[in-house]
Amino acid sequence: MGLQKLNDSDWPPLTLEVNDNTFRKRVTLQDIKMTEHKPILLCMGNPLLDISVVADESLLKKYDLKANDAILAEEKHKPLYEELVKSYKPDYVAGGAAQNVARAAQYILQPNSTVYFGCVGNDQFAEQMRNAAQREGLIADYLVTDEHPTGTCGVIITNNHRSLVANLSAAEQYKDSSHIDLPEKWEIVKNVKFYYITGFFMSSSISSMLKVAKHAAETNKPFMFNLSAPFICLAPQMKKSLSEIVPYCDIIFGNESEAEAFAVSENWQSKDLRGIALKIATLPKINTSRSRIVIITHGSEPTIVANQDLSIYEVPIIPINVEEIVDTNGAGDSFAGGFLSQYVQGKTIEECVNAGHWLANINIKRVGPTFPEEKIPYPS
């Protein structure tokens with residue numbers, strides 16, 4: 001006998017006993033579907049396993065690296081990963097900037113509020129990240145390739161600063177996929193209400209980014225973008241992609257180094273962060289129904305918020321003693337995640353920035369882009 005599909009009416013009623021009174025209710029498939037929490041935020045990026053070590057500046061010099069920088073690995077960096085594993089005591093953390101932001105947002109949001117797209121290998125590193133995402137309430141909807149291993153990122157911590165060296169590997173293969181064009185994946189894109197993508201992802205799939213950005217503009221849904229690293233603004237090929245994506249951006253995140261690099265790439269003769277933020281905010285924009293907002297973090301200095309209408313203000317960070325700082329690697333991503341957790345709930349920009357500061361303050365007291373297992377409720 002073959003399998004027979006059951007209709008809603010074929011399901012038996014459910015009996016609930018409360019205070020000795022019996023209630024009978026027929027629970028249908030539709031009832032079950034209505035109780036499922038649907039994601040409202042989509043993040044896209046390069047999923048990487050972070051290999052994090054504490055070292056001194058001699059390691060940076062050996063591989064021609066800089067503190068507080070992020071680059072893509074070149075041929076000369078290939079021996080670095082083996083050295084990190086064999087000569088140090090590394091911490092392994094599920095990473096990649098956009099995935100960090102998604103996890104950070106989920107730390108505050110209801111489970112399954114955020115879905116993440118990216119490409120991984122068919123290996124144990126991917127399984128570790130998938131399990132970590134599930135524990136944290138993140139829907140990790142990975143494209144899996146058998147041809148390349150899951151990407152890794154060397155994280156070198158020196159004097160509370162971090163240098164990132166990413167070997168994208170499988171993450172780069174998203175560009176060769178039609179993952180986002182699959183009906184069930186595009187349905188996710190259509191159903192969410194907010195989009196966040198990092199500059200790093202431009203090297204993997206600018207076409208996917210533009211497709212999502214155009215959909216966001218056409219449906220008047222917020223499209224958010226992170227400059228991610230100075231080289232994103234300066235490398236010729238990246239600069240070309242950046243010029244394509246910025247017109248679609250409703251909110252742009254960056255730190256002081258990234259903002260200064262953006263100014264250099266535009267030949268702006270200024271290092272004033274407030275002025276740079278305003279200039280970025282007033283660049284041409286596709287969706288004129290939304291005013292662009294630019295948010296520049298600046299370490300221990302107040303965060304700058306610039307609006308396309310030329311208004312600008314600063315939001316003080318939460319003070320912290322230097323002795324409490326363990327690792328700044330995840331601070332920027334934690335800030336963005338905290339911000340998004342409130343933005344998707346309709347809070348004011350200042351309230352969103354304060355949430356970003358709160359979560360970054362928690363994160364920098366820990367190693368890597370991680371958060372306490374026992375959640376600290378956000379005091380909203």
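Backbone N, Cα and C define each Cβ position, glycine as well.
Note: TrEMBL annotation is automatic and uncurated.
As given in TrEMBL:
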type	residues	note
ACT_SITE	ASP333	active site, proton acceptor
DOMAIN	61-374	domain 'Carbohydrate kinase PfkB'
- Item | Number of other Cβ atoms within 10 Å of the Cβ of ASP333 (active site, proton acceptor) across all protein chains | 28
- Query: What kind of secondary structure is the residue listed as 'active site, proton acceptor' part of, going by DSSP in three states?
  - Reply: helix
- Note on the structure: The predicted model's mean pLDDT over the domain 'Carbohydrate kinase PfkB' (61-374) is 95
